[in-house]
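These features come from Swiss-Prot:
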{"type": "REGION", "residues": "1-41", "note": "region 'Disordered'"}
{"type": "MOD_RES", "residues": "A2", "note": "N-acetylalanine"}
{"type": "COMPBIAS", "residues": "18-28", "note": "compositional bias 'Gly residues'"}
{"type": "DOMAIN", "residues": "35-222", "note": "domain 'B30.2/SPRY'"}
{"type": "DOMAIN", "residues": "253-285", "note": "domain 'LisH'"}
{"type": "DOMAIN", "residues": "291-348", "note": "domain 'CTLH'"}
{"type": "REGION", "residues": "347-458", "note": "region 'Disordered'"}
{"type": "COMPBIAS", "residues": "347-398", "note": "compositional bias 'Polar residues'"}
{"type": "MOD_RES", "residues": "S361", "note": "phosphoserine"}
{"type": "MOD_RES", "residues": "Y362", "note": "phosphotyrosine"}
{"type": "MOD_RES", "residues": "S365", "note": "phosphoserine"}
{"type": "MOD_RES", "residues": "S367", "note": "phosphoserine"}
{"type": "MOD_RES", "residues": "S369", "note": "phosphoserine"}
{"type": "COMPBIAS", "residues": "409-436", "note": "compositional bias 'Low complexity'"}
{"type": "MOD_RES", "residues": "S422", "note": "phosphoserine"}
{"type": "MOD_RES", "residues": "S451", "note": "phosphoserine"}
{"type": "MOD_RES", "residues": "S453", "note": "phosphoserine"}
Amino acid sequence: MAAATADPGAGNPQPGDSSGGGAGGGLPSPGEQELSRRLQRLYPAVNQQETPLPRSWSPKDKYNYIGLSQGNLRVHYKGHGKNHKDAASVRATHPIPAACGIYYFEVKIVSKGRDGYMGIGLSAQGVNMNRLPGWDKHSYGYHGDDGHSFCSSGTGQPYGPTFTTGDVIGCCVNLINGTCFYTKNGHSLGIAFTDLPANLYPTVGLQTPGEIVDANFGQQPFLFDIEDYMREWRAKVQGTVHCFPISARLGEWQAVLQNMVSSYLVHHGYCATATAFARMTETPIQEEQASIKNRQKIQKLVLEGRVGEAIETTQRFYPGLLEHNPNLLFMLKCRQFVEMVNGTDSEVRSLSSRSPKSQDSYPGSPSLSPRHGPSSSHMHNTGADSPSCSNGVASTKSKQNHSKYPAPSSSSSSSSSSSSSSPSSVNYSESNSTDSTKSQHHSSTSNQETSDSEMEMEAEHYPNGVLGSMSTRIVNGAYKHEDLQTDESSMDDRHPRRQLCGGNQAATERIILFGRELQALSEQLGREYGKNLAHTEMLQDAFSLLAYSDPWSCPVGQQLDPIQREPVCAALNSAILESQNLPKQPPLMLALGQASECLRLMARAGLGSCSFARVDDYLH
């Protein structure tokens, strides 16, 4: 970049400049925030982590006769300007992502300088910057002195009017049909180029002294109504999708769709709805109603935090399933430990009192309906082999590669509770024997549940499934620590400090004993299948809860959120289905995941129509 003294306007940033905020790791400036919002609105399909959008001119990708200022948005010429050999250009920081579908930027002519030999356009990486855009291969430009367009050639073609000081020239790239058109002062000038390649950079070139231009990559509203043009093309692309020819096999197509819907309902245990749908569409149900209801009952137990009962019920309905899926068993046991800390598992529920100091702050999962997004996360492995869940909490740590049934060696740092002597080995039936002591009223009410209402929980009085008193403790995943020295008499009686197991000594001892059994199970699995880092992390996370007097407000307290039960529930449900030779994921979700992945591949291949055919647009 040229020295500040050589740059007109240097030191006078304009509103929306990208250079001011965020320097030194600070917060983004209001201008940067507004730019981000506008770009997100214009190009919602672009993943800016993978393919950043152009936001300014590149100080590293320019000829040395070019000077930059005002957040690298202002370009001025500082060469001799004797002939075409003194031409100079600059490219934007990033190429235009194909996922934009339609991309637009504007350039304001601050001064035409001596002769107004200015070019605005596009160029590929590596094109000579000692030339105006359009003169070389993979370079395209609209020049102000004669109004000609230059398409990879030194010979221009008549295109539009000339432009000079005060004019605003826009450049629109249509990545759907590979064309480009320009605008002048908000009015379209028509198609200038066709058959454009992918990965082009916004480019401007200057040639004579005094020439100054300002770029607008979205920092300010555009003169041209680009959003109206985008709406037009969105309608065209979606019309193509809607008009896809299937009339020749309409009956077959309808049957496929009906089977997909039916299998989705069955997968998630909506027994009554699946039965009614099958009756209306004459679609066969691939699973017996009794089995669906059994899975429904098990899912309900997990989502209520009664994991020990869910394990026992699974062993009763599906003998051998957990014994042949040690990873799943270990995940369930870790989740059971978390729920014992939470006070919802019947192992401690019958021991601890339901006093105001009790830790049962989460009444149940706030939503039992599956959460779906348009991305390939539909295709994630929720089975027993998946290492991505830690106690049912989606891990943010680096992914590990594991064999089908690996397991960890014991970690001495997992918890003080695991340091005590434990059996040298423990078989699965023994490790599950602790689940047999359950409250009888739970099983009696479970037998009466026969419809989809089984899968509904009463969480209306608890926003997001959390008691109101929790809102002051957990905010956006940030846990506020309280001074443990505070005199309890000064605390608000309406919000007493919660204690592990409500302060019940017997329940606390039961948790510690269960932790030892869990440690022993981990060691046995480690001997049989080898070390498993995912298991080690599960133990460390779960046992860490015991290090805090108030686990719900500690840094690892998010494990206690009922929403973290859902990955465990999904893994168990998928394993049950797989054991019955049924798909572990419903075909509908696989189709959505495949569609999302296809759109990503289209973007990487430079097919811009992917931006206007988002899966989100078809999910209501």
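Positions of Cβ are set from backbone N, Cα and C atoms, glycine also.
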Structural state census, the domain 'LisH' (253-285) (DSSP three-state): 26 helix, 0 strand, 7 coil
Residue distribution over DSSP helix, strand and coil in the domain 'CTLH' (291-348): 44 helix, 0 strand, 14 coil
Averaged pLDDT score, the domain 'CTLH' (291-348): 91
